[in-house]
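Engineer: The structure under discussion is supplied below as structure tokens; questions concerning it will follow.
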Amino acid sequence: MGRMVALSLLGIGLALLGERFLALRSRLKASREVESVDLPNCHLIKGIETGAEDIDILPNGLAFFSVGLKFPGLHSFAPDKPGGILMMDLKDERPRALELRVSWGFDLASFNPHGISTFIDDDDTVYLFVVNHPQFKSTVEIFKFQEEENSLLHLKTIKHELLPSVNDIIAVGPTHFYATNDHYFSDPFLKYLETYLNLHWANVVYYSPEEVKLVAEGFDSANGINISPDKKYVYVADILAHEIHVLEKQPNMNLTQLKVLQLGTLVDNLSIDPSSGDIWVGCHPNGQRLFVYHPNHPPASEVLRIQNILSEKPSVTTVYINNGSVLQGSSVATIYDRKLLVGTLYQKALYCEL
């Protein structure tokens, strides 16, 4: 009798694992192939060889790139090279990427930047918020951008128990931000288990010096985050659910879900065109190829443009798709004055004139 019970439990366990495995492949879009959608006036950005996971652009055309991300299970073309922040002036006739110097005293050897966000204060001070993963932990670094010196002055490191696995960030004040946790756990094995079992424990946290609180939860894997030009709505990408969540910002900074836009791809970082409110999205057509890297079958790249997301029928346009022959693993797409920048998790970055 005991053996029968044991065999029954083993069978149930194996069936559950098999079902979860198939579900994970579906969430990763592991069987998806793509056909190219090309743009005519594009070139790879010189000096970016280890990815530009996130990009943020100031109103004056200065673009910041988060480069060199390394993560457990993620491919890297330069595993021993620290990450950094690069800058490009999009108003230049021939813009080029330059690495920003970081103030003395900041640990550059362990700098592992992920999501970034800028904030301009009332006195025109520019703050750069950077999600950092030193030793694969999660911190938020706040820098002051010193334009005359092309440098970053480190102001503060933020750690908090509600920020265990930060992916992206949107600054809403000089020391205030919303952040996505792509996992509930910080331990790599528990993160993998959480993803495999599809627990939907990822969340969004609001941080200020006075208050830190959970403001949205129930995501499969909360990823990119951004805010509408009028600051009324926060957008969150759920990468493994292939969704963008629209949340209304309340006076107390809580978030109330308004709608969910379903997409047929893995949505990563979200960028907002300040003039139109359009959302530009860096996407992964096949997520499995990001983690099981093979040079003959590299991860593809995809850029979507979403117009009128608050309407009953938002317009979703595929702007660019490449099978990985040029650009591998697009994670962000952002626009400035008809100039499109597309960054990747760990490969290169693309500059296009539309």
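Glycine too: its Cβ is placed from the backbone N, Cα and C atoms.
These came from Swiss-Prot, pasted as-is:
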DISULFID  C42-C352  disulfide bond
BINDING   E53, N167, N223, D268, N269  Ca(2+) 1 binding site
BINDING   D54, I116, D168  Ca(2+) 2 binding site
ACT_SITE  H114  active site, proton acceptor
CARBOHYD  N254  N-linked glycosylation site
CARBOHYD  N269  N-linked glycosylation site
CARBOHYD  N323  N-linked glycosylation site
Engineer: Rounded to a whole number, how many Å is the Cα of D54 (Ca(2+) 2 binding site) away from the Cα of N254 (N-linked glycosylation site)?
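Structural biologist: It is 25 Å, counting Cα to Cα.
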Engineer: Ranking the recorded positions N254, N269, N323 by other Cβ atoms within 10 Å, which is at the bottom?
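Structural biologist: The recorded positions N254, N269, N323 were compared, and N254 has the fewest Cβ atoms within 10 Å.
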Engineer: Can you give me the same-chain residues 6 or more apart in sequence from N167 (Ca(2+) 1 binding site) with a CB-CB distance under 8 Å?
Structural biologist: H114, G115, V131, A179, T180, N181, D182, A222, N223, G224
Engineer: Please compare the disulfide-bonded residues C42, C352 by how many other CB atoms fall within 10 Å of each one's CB, and tell me which has the fewest.
Structural biologist: C42
Engineer: According to DSSP, collapsed to three classes, what secondary structure does N254 (N-linked glycosylation site) have?
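Structural biologist: Going by the DSSP assignment, N254 (N-linked glycosylation site) belongs to neither helix nor strand, so it counts as coil.
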Engineer: For the Ca(2+) 2 site given as D54, I116, D168, which other residues of the same chain have their Cβ within 8 Å of the site's Cβ centre?
Structural biologist: E53, I55, D56, S66, P113, H114, G115, S117, V130, V131, I169, G224, N269, V332
Engineer: Taking the centroid of the Cβ atoms of E53, N167, N223, D268, N269 (Ca(2+) 1 site), which other same-chain residues have Cβ within 8 Å of it?
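Structural biologist: In sequence order, the nearby non-listed residues are D54, H114, G115, D168, G224, A237, I239, G282, S331, V332.
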Engineer: Looking at the recorded positions C42, N254, N323, C352, which ones sit with their CA no more than 10 Å from the CA of N269 (Ca(2+) 1 binding site)?
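Structural biologist: Final answer: none.
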